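Record features, source TrEMBL:
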- 1-24: region 'Disordered' (REGION)
- 129-158: region 'Disordered' (REGION)
- 182-223: repeat 'WD' (REPEAT)
- 224-265: repeat 'WD' (REPEAT)
- 266-307: repeat 'WD' (REPEAT)
- 308-349: repeat 'WD' (REPEAT)
- 391-431: repeat 'WD' (REPEAT)
Amino acid sequence: MSTAVSDPYDNIPAAPTDEDIGKFYDKPEADKKALLNQVFRSLKRAQDLFYHDYTQPPPMPEENDNLIRSIKRTHEYGSVIKKVEEAKKRRENEMLALPTSQPINGTGSVIASAGTPLAITDGTGKLVNQQSSSQKGKLLPLVPLGSNSKSEDNTTRSLLPSKAPMMMKPKWHAPWELYRVISGHTGWVRAVDVEPQNQWFASGGADRIIKIWDLASGQLKLSLTGHISSVRAVKVSPRHPFLFSGGEDKQVKCWDLEYNKVIRHYHGHLSAIQALAVHPSLDILVTCARDSTARVWDMRTKAQVHCFAGHTNTVADVVCQSVDPQVITASHDSTVRLWDLAAGRSMCTLTHHKKSVRALTIHPRLNMFASASPDNIKQWKLPKGEFMQNLSGHNSIINTLSTNDDGVVVSGADNGSLCFWDWRSGFCFQKVQTKPQPGSIESEAGIYASCFDKTGLRFITAEADKTIKMYKPDDSATEETHPIVWRPEIVKRKAY
């Protein structure tokens with residue numbers, strides 16, 4: 001018994017003929033509309049089936065996309081973001097105690113007639129200091145408006161003239177004294193840096209050798225050779241067992257301190273390296289050179305992240321910090337530039353200096369930095385680079401600046417002079433003239449590099465007489481034995 005197999009194409013209707021089309025036009029309007037609606041519904045189903053790309057996921061709402069991005073950012077960079085926020089809060093709190101750039105004085109006038117003592121008014125005719133019956137015939141001390149008879153702050157105030165700027169009384173610091181001279185290099189010592197554990201420090205010089213010294217005893221622990229020209233910069237990484245060095249041979253080397261060998265080279269500079277800086281929280285390295293550029297390197301992959309171009313002459317120094325602006329450079333074109341690390345471009349250019357800017361230093365606690373030029377040492381307020389004050393008096397080519405937590409700034413110059421400054425008041429409380437070691441000529445007294453140790457109680461200088469000198473504060477000094485020689489006077493505050 002055979003069974004008939006049905007053809008699957010039997011149910012497909014045949015194409016409409018002219019007779020069917022004629023019948024369609026003969027139908028009433030209601031039937032026509034129903035038939036057309038059925039055709040349009042079929043067309044819509046076909047479009048829904050074939051027009052959309054069902055292989056792609058549906059578009060994500062913007063709220064969900066932002067949520068996923070924030071989760072990824074917190075997971076990958078949470079620790080860095082937290083550290084940056086803590087640093088910002090800490091610096092904002094510390095900046096509240098800073099003096100404003102333009103001090104405000106009380107306004108008033110001094111009136112006197114023949115044979116009468118001075119009387120001070122507040123500008124409305126009302127006397128400020130009046131004589132009491134018990135003090136008749138005696139002059140009361142002249143006190144600025146809004147202050148007590150006993151001055152509670154460290155400022156010297158003057159009412160004549162009423163708009164004269166005030167000089168802040170400097171904080172007392174113990175004088176610094178030389179306590180050790182280290183000889184070992186056979187050329188100018190051009191760079192020095194202390195490691196994070198404060199056990200040893202590294203130095204580099206014109207003899208092409210990097211030497212590691214014990215900080216406590218001053219004994220030589222290690223010599224690293226590899227550069228083929230003068231070593232101009234050495235920096236110890238605060239988070240890795242790495243030492244970075246740069247020289248006049250255009251080479252930037254990364255030394256592994258566990259094996260005392262070079263493990264990476266960073267190629268790209270077209271001329272001699274002048275300085276380098278290690279970022280305190282990111283795995284990047286910033287170098288500057290005579291090719292008028294500063295280059296940002298990925299520490300591990302050796303890739304160049306950014307090339308900061310904008311200076312028109314040698315970039316002499318570079319410093320890094322965790323908050324914006326994260327990179328600051330100084331150049332022989334007399335400018336200081338603040339750089340946006342994420343965008344790779346300049347945020348601000350400071351053109352106040354008149355001569356080459358060779359040295360920079362960032363305050364360890366305050367959101368401020370200083371730059372040094374033969375005309376002046378200038379203090380700036382971050383993040384916008386607002387000018388604060390000049391540290392005037394070190395009239396020489398300044399090669400190095402260093403700052404410790406106590407607010408002591410030290411500038412070292414080509415002629416062998418060291419000036420110790422109080423950061424807040426800008427007062428130079430000590431000047432030292434270094435002596436070249438026996439056998440050196442007088443012109444080899446230059447100071448090329450300097451740094452404080454991690455406690456801020458030891459100061460190290462690298463000098464042209466091939467020695468490293470170490471200074472410490474005098475422990476026996478007090479304010480009575482070594483008073484501040486400070487003569488307040490009315491000075492004309494410079495606007496730049």
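Along the chain as shown, the residues are counted starting at 1.
Here the Cβ of each residue, glycine as well, is placed from N, Cα and C on the backbone.
In the repeat 'WD' (391-431), the DSSP tally of helix, strand and coil residues is 0 helix, 23 strand, 18 coil. In terms of DSSP helix, strand and coil, the repeat 'WD' (266-307) has 0 helix, 23 strand, 19 coil. Sequence-remote contacts of a segment are chain residues at least 6 beyond its ends whose Cβ falls under 8 Å from one of its Cβ atoms, and for the repeat 'WD' (308-349) they are 83-84, 87-88, 91, 274-281, 284, 286-290, 292-296, 355-362, 367, 369, 371, 373, 380, 382-385. Mean per-residue pLDDT, taken over the repeat 'WD' (224-265), amounts to 96. For the repeat 'WD' (182-223), the DSSP counts in helix, strand and coil order read 0 helix, 24 strand, 18 coil. Helix, strand and coil counts from DSSP across the repeat 'WD' (308-349) read 0 helix, 23 strand, 19 coil. Across the repeat 'WD' (224-265), DSSP helix (H, G, I), strand (E, B) and coil residues number 0 helix, 24 strand, 18 coil.
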